[in-house]
Amino acid sequence: MRSSTHIFVSFVVYCGVFVTSAIALSNHTNAYQCDRWSNVLNELQANLFHEGQCRSAALRASGTFGGGGADGSIIQFAHTELAYPANEGLEEMVYTLKHFADGHEVSYGDMIQFAGAVALSNCPGSPRLRFYAGRPEAIAPSPPNLLPLPTDPVEKILSRMADAGFNAGDTVALLAAHSIAVQNTIDPSIPDSPLDSTPRIFDTQFYLETLLRGTRYPGKGRGPAQSKSPIEHEFRLASDAAIARHTSTACEWQSFIDNQEGLRSAFRNAMVKLANQGHDNLVDCSFVIPVPPPWNLPVEYPSGKSRSDVEQSCSDVPFPTISLNSDVHD
């Protein structure tokens, strides 16, 4: 399957950003409505996620802020939304999810959110996301040009996210999806390039490494969507580098370094807000989502890197003490 900047979880993150209205979630569980998702789970794990692998080609999606709506409009109106530049590379994932949704007679919006929660559950260290079912099908495509790109300045990114009800802290937390991400389309010369050194683990290594001084481009590309990376074979998005160093977000970014529980909680809360915007009276089927494998190892400097390589942009609090290690886990 063709892959791009984000794994599937990022696809879900950005599919939900610009659908806003009041949220009224049900606290009850409907056995009939939830039980069908056990069958969906089994098929996704076997046929999409390769028996529960975290890093799989089937998990990857596109661009930094691509996507349609949490109502599944990107699937319902694929012919329209897949033409948007921000959705480059999503074609195969969109049509794959359409196949599964049609086969199980569930809505496209529900399928996007469920598959994202299941995908994340396969990654050690990730939070267990809640899943609410009952989204109706979309009745119109998402408008174009709603979501920012990796080439956009931080102010524009934060402004767009604020329009959707997400503050700067939410934005930084949602970027945790990049801890289990790879790119293919920004620089096709280096397919499957990870955005940190632990792409199979949902951890805070991404937040540390994005603050390390960039020294090289990993491939042949020198486009405006990427910045120099600190490690061979590691890719860095220009927007990630900018958000990590911006005065509005630098301290929030730094706060997640070696703070696994803090990141898990912040990401989970932001995803609940994102996944359920624009819908009411959804049914709680969270019990169907598997419990992710644990991961509690501390963050480490990659081989050859140390505190002197950090470009600290938050002056309010000291930088956390990080151990040196020549073998970062993958």
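Residue positions begin at 1 at the first shown residue.
Here the Cβ of each residue, glycine as well, is placed from N, Cα and C on the backbone.
Site annotation (Swiss-Prot): Ca(2+) 2 is bound by Asp196, Thr198, Asp203, and the candidate from Ser179, Ser189 recorded at this site is Ser179.
If you go by Swiss-Prot, Cys314 shares a disulfide bond with Cys251, out of Cys123, Cys251. Between Cys285 and the candidates Cys34, Cys54, Swiss-Prot records the disulphide bond with Cys34. The shortest Cα-Cα distance between Cys251 (disulfide bond) and any of the recorded positions Asp71, Cys123, Asp196 is the one to Asp196. Neighbour counts were taken at the CB atom with a 10 A radius for the disulfide-bonded residues Cys34, Cys54; the maximum falls on Cys54. Most other Cβ atoms within 10 A: among the binding-site residues Ser73, Ser179, Thr198, that distinction falls to Ser179. Considering only the recorded positions Cys123, Ser179, Thr198, the residue whose Cα is spatially closest to the Cα of Cys285 (disulfide bond) is Cys123. Excluding Ser179, Asp196, Thr198, Asp203 themselves, the residues of that chain whose CB lies within 8 A of the CB mean position for the Ca(2+) 2 site are, in sequence, Ile180, Ser197, Pro199, Ile201, Phe202, Thr204, Gln205, Phe206, Glu209.
All chains included, 24 other C-beta atoms sit within 10 angstroms of the C-beta of Cys285 (disulfide bond). With respect to Ser179 (Ca(2+) 2 binding site), the closest of these recorded positions in Cα terms is Cys314, chosen from Cys34, Ser73, Cys314.
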